[in-house]
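I have placed the structure first, in the form of structure tokens, so that the comments after it can refer back to it.
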């Protein structure tokens, strides 16, 4: 992907992240970005993707920033408590997600406000790294659908593959494996058409339909990237249980 002029200002912390993350992403892996022209150049945009590694946000945010936009990521609130990382999250105006009590609603409100302000929001609908034994997307949480139906803005699916080969969150030992050098592929799809669902009452059925439609778009992109057929149903950890620890995917 050719580097695009950055046109959304970000401040000192964003500049520091650019200085660190741009070269770091290049050192960690070769990058194959597909369809970056589908990222909206101005105005609100909700970017939704599969989650296979703790490195996903690094590569996703770098790609979006190089396209000229400033990404705002919904991330676990515990990150705000970490030294340095917490300062970065606050300084770049990321959005903490705390699922306890009414904090989840506060996160949704902050995310809605971000989109209303014309920003780019990056979210992983699964809510955590996939537990599917072959790393296909899990059943999505309903929050992303509620957010997607809250306004008239593009919902852009992305699918990545390869970040888990650099950092394998489920490996019992040697999780970080940058050598030999891997390739991280990120494919961007066309915006998900939600017009019919936005016109309906935003009840439980609409939320469910929107969730599945969004995650299906992500899964179909991932099928193209992996050149494999995904399972017909989304993995549900509540029903299937967590797979054994250790490398859980081929490739």
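Here the Cβ of each residue, glycine as well, is placed from N, Cα and C on the backbone.
Look at TrEMBL and you will find 45-163 tagged as domain 'Phospholipid/glycerol acyltransferase'. Marked as region 'Disordered' by TrEMBL: 228-251.
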Rounded mean pLDDT within the domain 'Phospholipid/glycerol acyltransferase' (45-163) lands at 90
For the domain 'Phospholipid/glycerol acyltransferase' (45-163), the DSSP residue counts stand at 44 helix, 26 strand, 49 coil
